[in-house]
Amino acid sequence: MASHHSLSQCRAVLAQSSLAWPAQVRSAAAAMAGLTVSPCTPSSSDRRRSFSVLNRPPPNYPGHIPLTRVERLALTVGSGLASFLNPYRGDMIAAFGEVTATPYFIYRLRDAMLADPTGRRILRDRPRMTSSSLNLDRLRALPPNTVGREYVGWLDREGVSPDTRPDVHYIDDAECAYVMQRYRECHDFYHALTGLPIVREGEIALKAFEFANTLLPMTGLSTLSILTVKPRERERFFATYLPWALRNGLRAKEVINVYWEEQLERDVDDLRAELRIERPPDMRDIRKKERREKKRAQKVAEIKTDSPPSVAV
């Protein structure tokens with residue numbers, strides 16, 4: 001009885017005194033006393049509570065910026081308003097696309113890639129599109145009507161470069177961040193495939209097509225910018241380009257699953273047929289004709305104004 005009492009006292013002393021010992025000694029003392037010591041690591045709820053602007057978790061990939069809920073909400077509202085007021089703010093459009101893609105839509109797009117053999121290869125290889133990786137000079141030497149020649153011709157005509165696409169920052173999952181990056185870098189191929197220019201009217205039409213095909217919220221919300229264009233452009237969008245965008249975006253294959261780097265030497269019409277995408281009416285040509293008619297009408301009005309009034313006899 002006495003020995004049992006002394007053993008209990010010994011265990012209590014070891015348990016109390018071991019709190020100030022180093023980890024290795026504490027573990028050994030606990031084993032001698034028959035105690036179990038759990039590692040002193042914070043729970044997930046503790047980690048969530050400690051996440052603030054002054055105490056961020058480490059990034060999940062290079063360039064990743066974790067956001068608190070308040071920061072995410074503020075960025076959503078701010079970037080959304082900036083994108084609506086100025087559709088040429090690429091940085092705001094990019095940020096708005098990222099913060100509105102989670103938690104559901106970017107995962108849906110990632111799952112669409114995982115369900116497709118080519119999409120899975122893209123996720124495995126994770127290629128990036130730059131002027132050097134695509135070798136634009138080589139594309140300029142390709143035969144006419146190839147995908148690569150059509151793409152680089154569109155770049156030269158519009159004065160843009162594949163090197164201008166910003167990196168993803170605000171999507172927490174690394175694989176989903178790549179999916180968003182891939183969508184972003186493929187955007188100019190969608191322009192080349194459809195022939196839509198980078199004027200505001202053309203961007204809105206392409207965003208409507210992308211929304212029907214990818215379901216990313218930013219692409220759908222961007223179409224609200226149609227309210228800021230000229231009445232004639234708005235009328236043309238609803239009469240011609242919105243029906244085209246919805247019809248082709250819904251029936252086309254998931255364009256995120258196109259391995260564009262492997263399609264560069266292919267006939268562009270064959271690729272359009274395979275993807276079930278028809279080219280819309282040439283917007284640049286329509287706008288040129290519209291400007292010519294406007295100038296002609298102005299000249300006629302000036303002639304009528306300058307001509308002397310007729311004198312009644």
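Cβ coordinates are placed from backbone N, Cα and C, and glycine is handled just like the others.
Marked as Zn(2+) binding site by TrEMBL: HIS187, ASP188, HIS191, GLU203. Counted within 10 Å of its Cβ, the other Cβ atoms near ASP188 (Zn(2+) binding site) come to 22, all protein chains included.
Proximity of distant same-chain residues to the compositional bias 'Basic residues' (289-298), defined by a Cβ-Cβ separation under 8 Å and at least 6 residues beyond the stretch ends, is recorded for 232. The compositional bias 'Basic residues' annotation in TrEMBL covers 289-298.
The region 'Disordered' feature in TrEMBL is assigned to 39-58 (among others).
Marked as region 'Disordered' by TrEMBL: 282-313 (among others).
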Specify the count of other C-beta atoms within 10 Å of the C-beta of GLU203 (Zn(2+) binding site). 20
Same-chain shell around Zn(2+) excluding HIS187, ASP188, HIS191, GLU203, C-beta within 8 angstroms of the CB centroid, reads VAL160, PHE189, TYR190, LEU196, ILE198, LEU206
Row HIS191 (Zn(2+) binding site), column other C-beta within 10 angstroms, all chains, value 20
